[in-house]
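Summarising the annotation, TrEMBL assigns GTP binding site to GLY30, LEU31, THR32, GLY33, SER34, GLY35, LYS36, THR37, GLY76, ASN133, HIS134, GLN135, ASP136. Under the heading Mg(2+) binding site, TrEMBL lists THR37, THR54.
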Amino acid sequence: TSRCDHKCFRALCCKGPPPARPEYDLVCIGLTGSGKTSLLSKLCSESPENVVSTTGFSIKAVPFQNAILNVKELGGADNIRKYWSRYYQGSQGVIFVLDSASSEDDLETARNELHSALQHPQLCTLPFLILANHQDKPAARSVQEVKKYFELEPLARGKRWILQPCSLDDMDALKESFSQLINLLEEKDHEAVRM
(Lines of atoms letter the chains of each structure in order from A; the text may use other names.)
(Lines give C-alpha, C1' and ligand atoms only; values in the text may rest on other atoms or scores of the structure.)
Protein backbone atom coordinates (compact mmCIF):
# COMPACT_ATOMS: atom_id res chain seq x y z
CA THR A 1 0.00 0.00 0.00
CA SER A 2 1.13 3.54 -0.56
CA ARG A 3 2.07 5.61 2.42
CA CYS A 4 -1.14 7.60 2.17
CA ASP A 5 -3.50 4.63 2.20
CA HIS A 6 -1.73 3.27 5.17
CA LYS A 7 -1.93 6.57 6.98
CA CYS A 8 -5.61 7.12 6.18
CA PHE A 9 -6.39 3.58 7.17
CA ARG A 10 -4.60 4.00 10.46
CA ALA A 11 -6.42 7.25 11.15
CA LEU A 12 -9.76 5.58 10.53
CA CYS A 13 -9.39 2.39 12.46
CA CYS A 14 -7.02 2.93 15.30
CA LYS A 15 -7.39 5.53 17.97
CA GLY A 16 -4.05 4.39 19.34
CA PRO A 17 -1.11 6.49 20.43
CA PRO A 18 -0.21 9.41 18.21
CA PRO A 19 2.28 8.56 15.48
CA ALA A 20 5.87 8.72 16.61
CA ARG A 21 7.62 12.01 15.99
CA PRO A 22 10.19 11.76 13.26
CA GLU A 23 13.77 11.66 14.47
CA TYR A 24 16.62 13.37 12.68
CA ASP A 25 20.32 12.89 13.24
CA LEU A 26 22.24 16.14 13.27
CA VAL A 27 25.83 17.07 13.80
CA CYS A 28 26.65 20.21 15.78
CA ILE A 29 30.00 21.89 15.21
CA GLY A 30 31.69 25.15 16.10
CA LEU A 31 34.78 26.37 17.91
CA THR A 32 35.28 25.86 21.65
CA GLY A 33 33.47 28.62 23.53
CA SER A 34 30.92 29.28 20.79
CA GLY A 35 28.22 28.02 23.16
CA LYS A 36 27.17 24.74 21.55
CA THR A 37 26.83 22.81 24.80
CA SER A 38 25.00 25.60 26.63
CA LEU A 39 22.47 26.09 23.83
CA LEU A 40 21.74 22.38 23.51
CA SER A 41 21.50 21.91 27.28
CA LYS A 42 19.06 24.79 27.51
CA LEU A 43 16.93 23.28 24.73
CA CYS A 44 16.89 20.02 26.71
CA SER A 45 15.89 22.02 29.82
CA GLU A 46 19.02 20.92 31.68
CA SER A 47 20.34 23.19 34.36
CA PRO A 48 23.12 25.51 33.17
CA GLU A 49 25.32 24.83 36.23
CA ASN A 50 26.18 21.38 34.94
CA VAL A 51 27.37 22.51 31.55
CA VAL A 52 30.95 21.53 30.81
CA SER A 53 32.68 22.16 27.53
CA THR A 54 32.54 19.08 25.31
CA THR A 55 35.98 17.59 24.80
CA GLY A 56 35.22 14.62 22.53
CA PHE A 57 31.64 14.40 21.48
CA SER A 58 28.30 14.00 23.15
CA ILE A 59 24.88 13.08 21.88
CA LYS A 60 21.70 14.76 23.05
CA ALA A 61 18.13 14.00 22.07
CA VAL A 62 16.51 17.41 21.81
CA PRO A 63 12.71 17.14 21.86
CA PHE A 64 10.51 19.45 19.81
CA GLN A 65 6.79 19.28 19.28
CA ASN A 66 6.99 17.87 15.78
CA ALA A 67 10.35 16.07 15.81
CA ILE A 68 13.16 14.75 17.93
CA LEU A 69 16.63 15.89 17.00
CA ASN A 70 19.46 13.55 17.92
CA VAL A 71 22.32 16.01 18.02
CA LYS A 72 25.89 14.77 17.96
CA GLU A 73 27.89 17.66 19.33
CA LEU A 74 31.59 17.64 18.50
CA GLY A 75 34.15 19.41 20.67
CA GLY A 76 35.62 22.49 19.05
CA ALA A 77 39.22 22.45 20.29
CA ASP A 78 42.04 22.63 17.72
CA ASN A 79 43.14 19.05 18.27
CA ILE A 80 39.61 17.69 17.86
CA ARG A 81 38.50 19.66 14.83
CA LYS A 82 40.67 17.64 12.48
CA TYR A 83 38.61 14.56 13.42
CA TRP A 84 35.21 16.17 12.92
CA SER A 85 34.68 14.59 9.53
CA ARG A 86 34.85 11.10 11.04
CA TYR A 87 31.55 11.82 12.74
CA TYR A 88 29.70 13.27 9.77
CA GLN A 89 28.38 10.03 8.38
CA GLY A 90 24.66 9.50 8.75
CA SER A 91 23.95 13.15 9.52
CA GLN A 92 20.77 14.63 8.07
CA GLY A 93 21.51 18.21 8.96
CA VAL A 94 24.18 20.44 10.43
CA ILE A 95 24.12 23.00 13.24
CA PHE A 96 27.06 25.37 13.16
CA VAL A 97 27.44 27.63 16.20
CA LEU A 98 29.70 30.66 16.11
CA ASP A 99 30.53 33.23 18.73
CA SER A 100 29.50 36.49 17.10
CA ALA A 101 31.42 38.42 19.76
CA SER A 102 34.71 36.56 19.29
CA SER A 103 38.08 37.93 18.21
CA GLU A 104 38.91 38.44 14.53
CA ASP A 105 41.22 35.42 14.67
CA ASP A 106 38.56 33.13 16.03
CA LEU A 107 36.05 34.42 13.56
CA GLU A 108 38.49 33.70 10.75
CA THR A 109 38.98 30.14 12.06
CA ALA A 110 35.22 29.67 12.38
CA ARG A 111 34.78 30.87 8.81
CA ASN A 112 37.34 28.37 7.52
CA GLU A 113 35.70 25.56 9.46
CA LEU A 114 32.24 26.47 8.19
CA HIS A 115 33.50 26.66 4.62
CA SER A 116 35.09 23.23 4.82
CA ALA A 117 31.92 21.79 6.40
CA LEU A 118 29.70 23.31 3.70
CA GLN A 119 31.93 21.75 1.05
CA HIS A 120 32.41 18.37 2.71
CA PRO A 121 30.98 15.56 0.54
CA GLN A 122 28.97 14.11 3.44
CA LEU A 123 27.47 17.45 4.45
CA CYS A 124 27.27 19.55 1.30
CA THR A 125 23.71 18.51 0.40
CA LEU A 126 22.34 18.83 3.94
CA PRO A 127 20.39 21.70 5.49
CA PHE A 128 22.55 23.97 7.65
CA LEU A 129 21.44 25.99 10.65
CA ILE A 130 24.10 28.59 11.39
CA LEU A 131 23.66 30.24 14.78
CA ALA A 132 25.36 33.57 15.46
CA ASN A 133 25.49 33.10 19.21
CA HIS A 134 26.22 35.53 22.07
CA GLN A 135 24.12 38.28 20.53
CA ASP A 136 23.61 39.59 24.06
CA LYS A 137 27.28 40.66 24.29
CA PRO A 138 28.19 44.25 23.41
CA ALA A 139 30.85 43.13 20.91
CA ALA A 140 28.46 40.88 18.99
CA ARG A 141 28.39 41.31 15.24
CA SER A 142 25.03 41.55 13.56
CA VAL A 143 23.72 38.77 11.37
CA GLN A 144 24.33 40.96 8.30
CA GLU A 145 27.98 41.39 9.30
CA VAL A 146 28.36 37.67 9.90
CA LYS A 147 26.74 36.85 6.57
CA LYS A 148 29.08 39.17 4.74
CA TYR A 149 32.19 38.12 6.63
CA PHE A 150 31.47 34.41 6.16
CA GLU A 151 30.72 35.01 2.47
CA LEU A 152 27.61 32.91 2.80
CA GLU A 153 25.81 34.15 -0.26
CA PRO A 154 28.26 32.89 -2.88
CA LEU A 155 29.39 29.87 -0.89
CA ALA A 156 26.05 28.44 0.06
CA ARG A 157 24.15 29.25 -3.10
CA GLY A 158 21.82 26.42 -3.98
CA LYS A 159 22.11 24.94 -0.52
CA ARG A 160 19.51 25.17 2.21
CA TRP A 161 20.79 27.22 5.05
CA ILE A 162 19.43 29.43 7.77
CA LEU A 163 21.50 32.03 9.56
CA GLN A 164 19.98 33.18 12.84
CA PRO A 165 21.08 35.39 15.72
CA CYS A 166 20.78 33.74 19.10
CA SER A 167 21.65 33.97 22.76
CA LEU A 168 20.82 31.97 25.84
CA ASP A 169 18.51 34.77 26.95
CA ASP A 170 16.15 34.34 24.05
CA MET A 171 14.92 30.78 24.00
CA ASP A 172 11.90 31.60 21.84
CA ALA A 173 14.12 32.82 19.03
CA LEU A 174 16.33 29.75 19.38
CA LYS A 175 13.37 27.40 19.22
CA GLU A 176 12.07 29.27 16.19
CA SER A 177 15.44 28.76 14.46
CA PHE A 178 15.22 25.04 15.15
CA SER A 179 11.64 24.95 13.84
CA GLN A 180 12.90 26.38 10.58
CA LEU A 181 15.59 23.70 10.46
CA ILE A 182 12.99 20.99 11.10
CA ASN A 183 10.96 22.35 8.17
CA LEU A 184 14.00 21.99 5.92
CA LEU A 185 14.59 18.45 7.20
CA GLU A 186 10.97 17.53 6.52
CA GLU A 187 11.18 18.97 3.01
CA LYS A 188 14.24 16.88 2.35
CA ASP A 189 12.38 13.81 3.62
CA HIS A 190 9.44 14.40 1.29
CA GLU A 191 11.80 14.85 -1.62
CA ALA A 192 13.42 11.52 -0.89
CA VAL A 193 9.98 9.89 -0.87
CA ARG A 194 9.07 11.46 -4.21
CA MET A 195 12.23 10.36 -5.99
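In case you wondered, yes, glycine gets a Cβ from its N, Cα and C as well.
TrEMBL annotations: computationally assigned, not manually curated.
A sphere of 10 angstroms centred on the C-beta of ASP136 (GTP binding site) encloses 14 other C-beta atoms. On a Cα basis, THR54 (Mg(2+) binding site) lies 11 Å away from SER34 (GTP binding site).
Least crowded of the binding-site residues (LYS36, HIS134), judged by neighbouring Cβ atoms within 10 Å of its own Cβ: HIS134. Most Cβ neighbours within 10 Å, among the binding-site residues SER34, THR54: SER34 holds that distinction in the structure as shown. THR54 (Mg(2+) binding site) and GLY76 (GTP binding site) are 8 Å apart (CA-CA, integer value). Taking every pair among GLY30, LEU31, THR32, GLY33, SER34, GLY35, LYS36, THR37, GLY76, ASN133, HIS134, GLN135, ASP136, the residues listed as contacting GTP, the largest Cα to Cα separation comes to 21 Å. Shown are the binding-site residues THR32, THR37; of these, the residue with the fewest other Cβ atoms within 10 Å is THR32. Sequence-distant contacts of GLY30 (GTP binding site), defined by Cβ-Cβ distance under 8 angstroms and a gap of at least six in the same chain, are LYS36, GLY76, PHE96, VAL97, LEU98, ASP99, ALA110, GLU113.
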